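Asker: Got a structure for you, questions after.
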């Protein structure tokens, strides 16, 4: 979590290739095109019956109606439940639609441009909303199906030119759409990187921290619990006044590097704003959280920043809060903050939308860690304060004062000569 390593959106595995670029958008477009295709299929077959086109009968029209109704049901599923649809269904839908069109064209001996044009719907959908391997696969299926119709219906003299025209058109259309999709994926990935990474320190941004924390706290598999450290650099304003704001920026970058070098791979280090940093620690108990906080404090102490050739000592104050896995949903979260500041932006809004326990538990955990941080500052700075949040408090079923929460012992065996920080 600390590095926020994300997969390359362009290089995907075979399984990932079945996943559309955006499930919701792909589902909506699939539903719309399927509905339109169903109407066109019925209307075209009905028109052929009216003009008494050879090969078209009332039976074929009735079959078209049945197939259209089935396709409409599929369209409704894609529209209402895109996140629940199997990956393969997004590729199977255009393939099945192509096979249906081909079957009707061969059955009615219709190789007209209007009849074969329906295959373009599948090609456009796949090229625009599926990943490249799936898009090219659908294009190949559409080209093969068009060849079946041409070979079965048209005279041999017209086969070659029709096959070349269709294959070139389908290939060019897919190539353009896939290329545009790749560029869009790169842009989206870059925007996501900007949104989830702090530009100064390279740490996770507040947005990324909130999302990761909500997901972690909403997960039923939290093992020994979850810890949160809220960290401030001591006398940061004095540092800026004495050395200038560039030195303050350098101090933030330096401390960020130290923290990242002393956390576990699964921990997430983030910059919440200004000189306020945070560390999210999954699978940790209260005592271990205190030990890790002390280890980070000592690491920053032991590695002074070098500025203009001189060593500038730095220190930090940290407030930690630990919560055990909770059970059941919680009522409305507590509001307000111990120092007049609201919890991380967006938390309350997500809670109101019913997104599970994560937002509520994050709010309570943040408030407790924030209060512990201010207690550490009041008691002299360069120290750690850690509290345990009772499960019923984290779930919103109880509201004990933060100062009254139980505090696990803090301090490492290496610090046995000095009193433990609590």
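Cβ coordinates are placed from backbone N, Cα and C, and glycine is handled just like the others.
Reproduced below are the annotations present in TrEMBL:
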type	residues	note
DOMAIN	224-389	domain 'GGDEF'
REGION	378-422	region 'Disordered'
TRANSMEM	25-44	transmembrane segment
TRANSMEM	56-76	transmembrane segment
TRANSMEM	88-107	transmembrane segment
TRANSMEM	135-154	transmembrane segment
TRANSMEM	160-180	transmembrane segment
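Provide an account of the burial state, proximal residues and distances for the features listed.
Answerer: Only residues 6 or more beyond the boundaries of the transmembrane segment (25-44), in the same chain, are considered here, and those with a CB under 8 A from a CB of the stretch are 61, 64-65, 67-69, 71-72, 74-76, 78-79, 81-82, 85, 90, 93-94, 97, 100-101, 104, 114-115, 118, 121, 124-125, 128-130.
Same-chain residues lying 6+ beyond the ends of the transmembrane segment (56-76) with a Cβ under 8 Å from its Cβ atoms: 30-32, 34-35, 37-39, 41-42, 45-46, 48-49, 93, 97, 100, 104, 107-108, 110.
Through the fold, the transmembrane segment (88-107) approaches residues 18-20, 23, 26-27, 30, 34, 37, 41, 45, 55, 60, 64, 67, 71, 74, 78, 115-116, 118-119, 121-123, 125-126, 129-130, 134, 137-138, 141-142, 145-146, 148-149, 152-153 of its own chain, all at least 6 residues removed from its boundaries and within a Cβ separation under 8 Å.
Within the chain carrying the transmembrane segment (160-180), a Cβ under 8 angstroms from the stretch's Cβ atoms is held by residues 111, 116, 119-120, 123-124, 126-128, 132, 135-136, 138-139, 142-143, 146-147, 150, 154, all 6 or more beyond its ends.
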Asker: If you average per-residue pLDDT over the domain 'GGDEF' (224-389), what number do you get?
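Answerer: So the average pLDDT across the domain 'GGDEF' (224-389) works out to 82.
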